[in-house]
Every structure is written in C-alpha cells, then in structure tokens.
Ligand SMILES: C[S@@+](CC[C@H](N)C(=O)[O-])C[C@H]1O[C@@H](n2cnc3c(N)ncnc32)[C@H](O)[C@@H]1O
C-alpha cells in the first residue's frame, strides 16, 4: 500500500452540496488472481455485509467475552493478519473500502487459518454510525490513515472531532484508540483532536512508544532507515 496522498480523479472536485466529504477516494485497482480467488472463496465466510443497523458482535464471531477490536482502513491487511495471529483470544473487525485490499486480507486469513477476523467492505464512518453497537469495542486501530497533505483537503482527514466523538460512543470504558502515522503534521493534528475530546485520556505525555503488538510494516522499515519518523498515539476512554 502506497502511503502517498490519493489524487482526486478528474471530475471529483470537492462540492459539499453534492456529496458527503469522504476520507477516501475509490480507486479501480487491479485484482491479482490470488485476491480474486480469495474474495470468491472467503468473502462469503469471513465477510460481513454492510447493514444500516447494529450487529451482535458476539454472534458474528460465534463466541462471547472475547475482546473486540475494530481496525479502520487496513490497506492490504498485513498488520491485521499478523496481530490477529498472535492474539487468538481477541476478535478483529477490519473495515476497508478498497477491493484489492479486502482480497489481500482474505487471502491471508485463508492461508493463515485465522478464525478471529471478519471483514466489512464499506465506509468506516457509516459502519460506526449504524452497525457497531454503543460501548461494544475494546480497542480501535487506525494505522497510517491517509494524511491528506494539502490544506484544502484537510477536511477529508478521517480524524476529526465529530468522528472521534462517534468513536468514543462505541468504545467501552477503559478501551483504547491507537492511531499511527508517518506524517508529523498529521500526528500533531491527531494529538490535538484527541486531547480535545473530554471522554479520552492520553496513555503517554504526548506520543506513545510503539507497542509490540503493532508490527513494523515494510514501508515503515524503509522509512526508518531513511531517518523518517513514525508517531503512535494511544488514548483510552474514561
Ligand atoms: C494509507 S492507507 C494505510 C493502510 C494500512 N493501514 C497500512 O498501514 O498499510 C489508508 C487506507 O484507509 C482506507 N480508508 C480511508 N478512509 C476509509 C474509510 N472511511 N472507511 C474505510 N477505509 C478507509 C483507504 O482505502 C486506505 O486503504
């Protein structure tokens, strides 16, 4: 997954009168044969269709009591699969709009026999608004959200005060929200937005140490060698 800013396709100029502001641009993206096969074989098993009403998470995973973690924008799903593999006692709901990414994660789920992942292919904002029950999540992962570098695109950033308020309503008391970004100005933005949410408290003074459960991505490894930074921001619900 490239971490550069998505270009707006011709014709899609921001026009709030005509369309909601989204944090993503749907790209066509070619499917590999492996992704296509994984979608065919595993989407009916591990996919959860979007529906505009709350779902019973325990039923979706076929077990109660297991902590439920939501990941927003899992990209190709490498981190998601690795985390789910080493945390079999937890259940992971991955939300992503990009079809090749969904195929890629499903391929990993099939190959690694991961029973604790479910995938929803839909806008995470609507998934949170309508599908995720209140106070049902033990954690939320948002790793390398699109930074939307240009000032005129900042309104497309996923992390906004209203979105964080919505997220908070879905977190159990004590549950965590973990954002990681490689774009310093976005890190500062995220820190400011989360600090401004009275229902959240920071687990660190400012930025957190990278927790062991978040694997280093290939991209990140390359960046670190070039001296680029990555910022982890972890808050908990009061
Ligand atoms: C820069 S990529 C990072 C992917 C991955 N987390 C990683 O670390 O490699 C951001 C991803 O978030 C997805 N995304 C952005 N907004 C989203 C939304 N509202 N709902 C679901 N997915 C979204 C994009 O499609 C993209 O795949």
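For all residues, glycine too, the Cβ spot is worked out from N, Cα and C.
Together with 96, 123, 146, the S-adenosyl-L-methionine site in TrEMBL holds one more listed residue from 65, 71, 111, which is 71. Checking the binding-site residues 71, 96, 150, 182, 218, 219 for a CB within less than 6 Å of any atom of ligand 1 leaves 96, listed in sequence order. Across the annotated binding residues for S-adenosyl-L-methionine (71, 96, 123, 146), the two most widely spaced Cα atoms sit 14 Å apart. The binding-site residues listed here are 71, 123, 182; among them, 71 has the most other Cβ atoms within 10 Å of its own Cβ.
A gap of 16 Å separates the Cα atoms of residue 217 (substrate binding site) and residue 71 (S-adenosyl-L-methionine binding site).
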